[in-house]
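*Asks:* So TrEMBL lists these for the protein:
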- 4-352: domain 'Isopropylmalate dehydrogenase-like' (DOMAIN)
- 96, 106, 134, 223: substrate binding site (BINDING)
- 141: site 'Important for catalysis' (SITE)
- 191: site 'Important for catalysis' (SITE)
- 223, 247, 251: Mg(2+) binding site (BINDING)
- 281, 282, 283, 284, 285, 286, 287, 288, 289, 290, 291, 292, 293: NAD(+) binding site (BINDING)
Ligand code: NAD
Ligand code: IPM
Ligand code: MN
């Protein structure tokens, strides 16, 4: 059966990186992958064209798709929009919520060729392979009440950090199962010394642990976790945490792998439908200049093949092609050493395609 893929380029470098990822997807089609690929607007681009960062038509197509590939959304042009519901980021958050994509997998994997590009000493990151499992549809991002209002003569802003036991349990199960398939270590990151919501988080993780006797569960406060990530990152195998802590820790983990431009992600719902996107944003500072690293987006296509399309061999082939271009010394500016020649976004795409086809 032909499966449907929806590509949402978005803003800033979004269209540049999804263009390269789409070429890789087309190369998979040429290898027999039976998919139909469509494109739709999201984010600031959709707001400009249709007055909404998540137009009805885009949402309907996303619902009908087996998998969605998203570039990035947002940028200074829309940061001052008075109506917060029209901000580009609301398009992304709306997609996650509407599709129920609660399980966000963010693998921080160091390609050995990039050990020198990491901000940490090579020996601290050699062999680094962390899977961050971030809860994506709850927590402080979505909690009610929220807002900015007048209280006692001044404005106050507030958000609510809330998780139900059921929400914690379902992300916990994703993480325990992931740990079972990997190094059998799970570190749950919270702030249970201060926040009740994460006291409950810790309790639920503890409650699940006996069902996964082969997994060693540990707990860490988020401030220490941030420190440990840059002190001794190889102590981690799978990390599970809430929406906001996961957002922050995954950007930090990305840098350990050489660049935020290397970190892909999968966001999954209960029926295996997924949205795939790089962890980075729309990088307005380099947009339109052919400087963006497309590898995180290309590697997100590999995750799509693995997690939503049941095509692990094609996923591995893409990952191997990325390894090959890195072996060959190709570097976009973000992963190039001082003074080293770098290639453009599309040259990197060309090289990955050539390597993919040669494999
Ligand atoms: P960002 O990730 O866009 O950029 C941070 C830094 O990393 C910049 O210097 C940028 O040039 C660099 N960078 C990011 N991706 C890169 C790539 N592929 N290749 C090379 N360098 C890369 O974060 P920001 O500057 O905080 O946010 C910019 C905009 O993106 C904001 O509007 C923000 O809301 C949005 N954003 C969107 C997403 C998303 O769509 N998933 C994620 C994060 C931020
Ligand atoms: C990410 C981004 C988003 C988030 C923003 C753009 C809403 O930072 O995907 O990491 O905070 O989840
Ligand atoms: Mn982020």
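Here the Cβ of each residue, glycine as well, is placed from N, Cα and C on the backbone.
TrEMBL labels come from automatic prediction, so no person has curated them.
In the displayed structure, how are the listed features positioned relative to their neighbours?
*Replies:* Secondary structure from DSSP puts residue 223 (substrate binding site) in a helix. Taking all protein chains in view, 12 other C-beta atoms sit within 10 angstroms of the C-beta of residue 223 (substrate binding site).
Counting every protein chain shown, the number of other Cβ atoms lying within 10 Å of the Cβ of residue 141 (site 'Important for catalysis') is 19.
In the three-state DSSP scheme, residue 191 (site 'Important for catalysis') falls into the coil class. Sequence-distant neighbours of residue 191 (site 'Important for catalysis'): residues of the same chain at least 6 apart with a C-beta under 8 Å from its C-beta are 198, 221, 222, 223, 245.
Using a 10 Å Cβ-Cβ cutoff, residue 287 (NAD(+) binding site) registers 18 neighbours.
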*Asks:* Quiz question: given the binding-site residues 247, 251, 285, which has the greatest number of C-beta atoms lying within 10 angstroms of its own C-beta?
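*Replies:* Of the binding-site residues 247, 251, 285, the highest Cβ count within 10 Å belongs to 247.
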*Asks:* Where residue 287 (NAD(+) binding site) and residue 106 (substrate binding site) are concerned, what is their Cα separation in Å, rounded?
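*Replies:* Pair distance, Cα basis, whole Å: 23 Å.
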*Asks:* So for residue 134 (substrate binding site), how many other CB atoms are inside 10 Å of its CB?
*Replies:* 28
*Asks:* Determine, for the Mg(2+) site, the additional residues of the same chain whose CB lies within 8 Å of the mean position of the CB atoms of 223, 247, 251; present them in sequence order.
*Replies:* 222, 226, 244, 245, 246, 248, 249, 250, 252
